[in-house]
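Taken from Swiss-Prot, the feature domain 'TM2' applies to 1-50, supported by sequence analysis. The feature transmembrane segment is assigned by Swiss-Prot to 5-25, 30-50, 81-101, 105-125, 135-155, 186-206, 212-232, with sequence analysis given as support. Summarising the annotation, Swiss-Prot assigns domain 'J' to 278-340 and lists sequence analysis as the type of evidence.
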Amino acid sequence: MGKSLLAAYGLWALGGPLGLYHIYLGRDSHALLWMLTLGGFGMGWMWDFWKIPIHVYKYNRQERKNIEVKEGEPPASPIRFIGQVATGIYFGIVAAIGLSFLSSFHMVVLPLAVALGVHLVATVGEQTSDLKNTLIAAFLTSPIFYGRAVSMIPISLTASITSQKHMRYRLQQEKQEKLSLRLYRIGLVYLAFTGPLAYSALLNTSLTVSYVAGSIGSMLEWLSIFPSISALVERLLLLPYRVWAVFSGGGVFRDHYFKEWEKIYEFVATFQSEKEEMACKVLGVNFKSTMEEINRKYRELVKIWHPDHNRHRLEEAQEHFLEIQAAYETLMRLRKSKTL
């Protein structure tokens with residue numbers, strides 16, 4: 001029986017982040033990915049708005065048995081690669097929250113979780129990859145970064161690159177199974193993913209919060225070499241807390257359990273405060289300085305330390321000039337984010 005485009009859009013609107021429309025269209029891998037990442041971190045769900053007509057067309061064409069199996073190597077997809085890296089890191093963080101107490105965590109659990117996240121993205125749609133090679137890449141990379149809080153980043157990058165090299169079209173189209181069996185299978189995987197996470201978050205809250213805060217700190221420090229990406233990550237991390245603040249009238253978590261998790265958002269806010277303090281020190285201003293004062297001080301320092309005005313000490317001038325530029329951009333970005 002053919003699928004309705006209107007019904008697909010209805011499910012996209014009602015249960016998009018949970019992948020209901022992908023279940024409706026028989027795309028179980030895609031649905032599972034959306035369930036575990038809340039719609040591909042929200043961005044994938046929004047992107048699917050333009051992709052739904054194509055998915056419906058492909059399903060109905062397959063129903064009419066008028067579909068041919070593609071051969072050869074699929075073209076490289078930057079979007080799929082980015083999704084693999086992000087999902088691999090996400091799976092690694094979830095594993096760290098729920099299973100870091102295991103003695104074999106860094107050597108077995110972490111690379112396994114990251115590789116499975118990478119492979120899940122690889123199996124979306126009519127393509128797939130070689131799970132064996134993806135696992136090998138993850139397990140070979142893991143010992144190099146043993147015990148480091150950001151180890152899931154290089155593991156995910158290596159596994160994603162390996163997965164991309166072994167991408168291929170499926171040899172045959174998946175057979176349509178009963179909905180109950182498909183939901184049962186998806187449910188088991190979902191419980192296996194969320195079970196350890198829920199256990200750790202509820203029964204070992206303080207330790208979990210401490211680990212997450214440490215991992216976030218290491219990640220933000222590593223990303224600080226890319227100011228734009230670092231700022232975007234900080235905003236995304238603070239977004240849930242700010243949304244809560246709007247609906248709760250102040251953002252105060254009254255329950256003890258939620259107060260523990262509030263520490264993570266306080267940690268990110270503190271990280272931003274430290275960056276603002278360092279930027280103020282470079283420009284010779286303070287937290288209470290107005291935008292006009294900051295702009296005036298910036299122009300003065302740029303004029304003093306511009307390399308064209310300091311040919312006799314060019315290297316020192318270039319170093320100070322770049323430092324002033326970075327401090328000014330940081331202050332502008334943080335001040336703008338506070339006004340939003």
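Every residue, even glycine, has its Cβ placed from backbone N, Cα and C.
Counted with DSSP, the domain 'TM2' (1-50) comes out as 41 helix, 0 strand, 9 coil. Across the residues of the domain 'J' (278-340), the predicted structure has a mean pLDDT of 81.
Across the domain 'J' (278-340), the DSSP tally of helix, strand and coil residues reads 53 helix, 0 strand, 10 coil.
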